[in-house]
Structure formats: structure tokens, C-alpha cells
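**Student:** Okay, handing you the structure first.
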Ligand SMILES: [Zn+2]
């Protein structure tokens, strides 16, 4: 074959799109939630934590407090709750987490770092330099 196949062309097209999209707004990937009778699993907690530069444990602690549910992070890096929780409620709680611990309240960007201090966290924005204190 002398012409590139469809997949090669698709790859090329995608790589061009990626370059263009570099200064677009950061989009947080959606949580993949599986809910059964007595378990609720977040499949991609570790991936998302990496993306927003937070510890999976920190996110999970927030959710545990919110739902007063027992939960742990499994070897596969999924998070598992030992009860059924409505996935919509988890998504809602997660967006609260983002507002509280990730998003810069000054410029609205996600390029922030969370520093642990004695009694509080300092949320520093790498985009605009703003700092916000969060009680622990
Ligand atoms: Zn900012």
C-alpha cells in the first residue's frame, strides 16, 4: 500500500489537534463509577488524582467524610466503598472537592499545588500566583 492507512491518518490528525488544544481549558476526566448492591467502586481514582496532582487518599478521605462510608484504595488503584452510593452523589461530592481543594478561586484554573501546613492547607495557584488557606 502506498497510501497511509486510516489509523495512521487518524493518529496524524489527532496529534495536530493535541498541539492546537494546548492552551484550552483544563477538563477533569469523569469518574468511572460502578455501583452494586453492597459496593461502589471508582475505577479511575488514581488516574484522576494524577491529573489534578492530588493524592488519591486525600480525595477518598473527603468522600469518606461526606458519605460516612467505609472505603479503601485497592491494589489496582481503584477505590472501593463498602456500600451502595448513588453515582450522581459521588460526582457531586467530587466537584465539591475540586472547588474546595483544586480550583483557584482567583482565576478559576486547575494549575494549583496543595501544601500541607500545621493546621491548614495552602492552595497555591501556579497560573496566577494566588494563595488560599483551607482549614484542615
Ligand atoms: Zn489562579
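Keep in mind that glycine also has a Cβ here, set from the backbone N, Cα and C atoms.
Here TrEMBL flags 23-131 as domain 'Translation initiation factor IF2/IF5'.
Each of the listed features needs to be described in terms of its position in the shown structure.
**Tutor:** Note on the domain 'Translation initiation factor IF2/IF5' (23-131): its mean pLDDT in the predicted model is 91.
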**Student:** With DSSP, how much of the domain 'Translation initiation factor IF2/IF5' (23-131) is helix, how much strand and how much coil, in residues?
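**Tutor:** Taking each residue of the domain 'Translation initiation factor IF2/IF5' (23-131) in turn, the totals are 35 helix, 24 strand, 50 coil.
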